[in-house]
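Only one structure is covered here, and it is reproduced in the block below.
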Amino acid sequence: MSIPETQKAIIFYESNGKLEHKDIPVPKPKPNELLINVKYSGVCHTDLHAWHGDWPLPTKLPLVGGHEGAGVVVGMGENVKGWKIGDYAGIKWLNGSCMACEYCELGNESNCPHADLSGYTHDGSFQEYATADAVQAAHIPQGTDLAEVAPILCAGITVYKALKSANLRAGHWAAISGAAGGLGSLAVQYAKAMGYRVLGIDGGPGKEELFTSLGGEVFIDFTKEKDIVSAVVKATNGGAHGIINVSVSEAAIEASTRYCRANGTVVLVGLPAGAKCSSDVFNHVVKSISIVGSYVGNRADTREALDFFARGLVKSPIKVVGLSSLPEIYEKMEKGQIAGRYVVDTSK
């Protein structure tokens with residue numbers, strides 16, 4: 001298979017710098033890496049943070065962002081096992097980990113102190129060819145629609161793991177804060193497929209229609225409802241058993257601690273820059289609620305999340321545009337104008 005020397009990519013050279021669509025060299029895989037011809041990449045809110053550089057963790061610069069890349073293996077290092085040329089492969093947020101520390105030993109690779117992050121510390125999937133650690137790269141079944149599966153590689157895995165972290169049972173209420181966004185639209189479907197009753201909170205044109213089309217049961221529009229807490233408690237007859245906070249609103253996170261049912265779980269997923277999670281201690285203790293953080297997922301979570309997709313239980317509500325349109329997508333994202341998930345075609 002012929003591999004070119006150069007490729008098209010979106011790259012920036014400083015935080016908040018110009019997003020340049022230009023030719024850059026095709027990377028060479030290290031002994032433990034795959035070289036993947038990225039066909040499509042999802043666009044995540046994390047990519048926006050990587051560009052802004054507003055998280056405590058510094059990015060590499062210059063940087064090619066993106067961490068939801070779906071494509072075809074076209075090359076590999078000499079130490080790679082379990083892959084062959086032509087396999088479908090996915091690039092995840094966790095590009096690689098040491099596999100030797102206590103966290104990796106327990107399957108918590110995302111907490112590895114030496115984790116390498118796609119589109120953050122490792123050039124990501126907003127390019128035609130990208131490298132990924134062969135151990136952490138996702139195995140995608142042949143014949144899968146690579147555009148539709150792309151968002152599963154971060155958004156899908158992330159919300160699936162978060163729902164597992166909520167310790168819910170069939171028939172329990174799962175509240176999704178930010179239910180019509182890229183992560184939320186997938187969380188609604190995973191929750192439904194796992195047997196939960198789903199309440200969604202979001203606001204803006206088309207959000208309720210999308211939520212309902214995905215199988216959600218109760219929708220609360222925060223732009224119209226004056227008392228979100230009371231509305232959730234009433235709709236769920238006592239509060240949600242589990243809340244998945246994919247919204248990037250500090251106020252929404254605080255509210256979720258108040259509409260959580262007694263003995264319920266608040267799961268923090270979205271990462272608004274500089275935000276804090278505030279919970280009234282008396283209410284927290286007397287209601288015996290748990291607040292947990294959930295950060296992407298491990299290889300088993302990846303396999304399980306992809307299986308839901310492969311069986312048709314979860315679909316990606318996507319809009320495909322060219323990679324060159326990435327600056328416009330970021331602008332829409334900053335204005336909260338995105339329903340579902342944008343996916344970029346790296347060839348355009």
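Every residue number used here counts from 1 along the chain in the order it is shown.
Each Cβ is built from the backbone N, Cα and C atoms, and glycine gets one as well.
Pulled from Swiss-Prot:
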MOD_RES   Ser2  N-acetylserine
BINDING   Cys44, His67, Glu68, Cys154  Zn(2+) 1 binding site
BINDING   His45, Thr46, His49, Gly181, Gly182, Leu183, Asp202, Lys207, Phe222, Val269, Ser294, Val296, Arg341  NAD(+) binding site
BINDING   Cys98, Cys101, Cys104, Cys112  Zn(2+) 2 binding site
MOD_RES   Ser213  phosphoserine
MOD_RES   Thr223  phosphothreonine
CROSSLNK  Lys226  ubiquitin cross-link
CROSSLNK  Lys234  ubiquitin cross-link
MOD_RES   Ser279  phosphoserine
CROSSLNK  Lys287  ubiquitin cross-link
MOD_RES   Ser316  phosphoserine
CROSSLNK  Lys319  ubiquitin cross-link
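Everything Swiss-Prot records as a feature, shown here on the structure.
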{"residue": "His45", "record": "NAD(+) binding site", "Cβ contacts under 8 Å, 6 or more apart": "Gly181, Gly182, Leu183, Val248, Gly270, Met333"}
{"residue": "Glu68", "record": "Zn(2+) 1 binding site", "Cβ contacts under 8 Å, 6 or more apart": "Ser41, Gly42, Val43, Cys44, Gly90, Ile91, Lys92, Ser125, Ala150, Pro151, Ile152, Leu153, Cys154, Ala155, Val343"}
{"residue": "Cys104", "record": "Zn(2+) 2 binding site", "Cβ contacts under 8 Å, 6 or more apart": "Ser97, Cys98, Cys112"}
{"residue": "Phe222", "record": "NAD(+) binding site", "Cβ contacts under 8 Å, 6 or more apart": "Ile201, Asp202, Gly203, Ile228, Ala252"}
{"residue": "Lys234", "record": "ubiquitin cross-link", "Cβ contacts under 8 Å, 6 or more apart": "none"}
{"residue": "Ser279", "record": "phosphoserine", "Cβ contacts under 8 Å, 6 or more apart": "Glu254, Thr257, Val266, Ile289, Ile291"}
{"residue": "Ser294", "record": "NAD(+) binding site", "Cβ contacts under 8 Å, 6 or more apart": "Thr158, Lys161, Ala162, Ser165, Val267, Leu268, Val269"}
{"residue": "Arg341", "record": "NAD(+) binding site", "Cβ contacts under 8 Å, 6 or more apart": "Gly42, Val43, Pro151, Ala155, Gly182, Ser185, Leu186, Ser316, Pro317, Ile318, Lys319"}
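Here the recorded positions are His49, Lys226, Lys287, Lys319, and the one whose Cβ sees the fewest other Cβ atoms within 10 Å is Lys226.
The candidate set comprises the binding-site residues Cys44, Cys98, Cys101, Cys154. Of these, Cys154 has the most other Cβ atoms within 10 Å. Separation of the C-alpha atoms of Lys287 (ubiquitin cross-link) and His49 (NAD(+) binding site): 35 Å, rounded to the nearest whole number. Sequence-distant neighbours of Thr223 (phosphothreonine): residues of the same chain at least 6 apart with a C-beta under 8 Å from its C-beta are Gly203, Gly204. The recorded positions shown are His67, Cys101, Lys226; of these, the one with its CA atom nearest the CA of His49 (NAD(+) binding site) is His67. In the three-state DSSP assignment, the secondary structure recorded for Ser213 (phosphoserine) is helix.
Listed in chain order, the extra residues whose Cβ falls within 8 Å of the Cβ center of the Zn(2+) 1 site residues Cys44, His67, Glu68, Cys154 are Ser41, Gly42, Val43, Thr46, Asp47, Gly66, Gly69, Lys92, Trp93, Ser118, Gly119, Ser125, Pro151, Leu153, Ala155. Under the DSSP three-state reduction, Gly182 (NAD(+) binding site) is assigned to helix. Cys101 (Zn(2+) 2 binding site) is 24 Å away from His67 (Zn(2+) 1 binding site) when you measure Cα to Cα. Between the CA atoms of Lys226 (ubiquitin cross-link) and Ser213 (phosphoserine) there is a gap of 25 Å, rounded to the nearest whole number.
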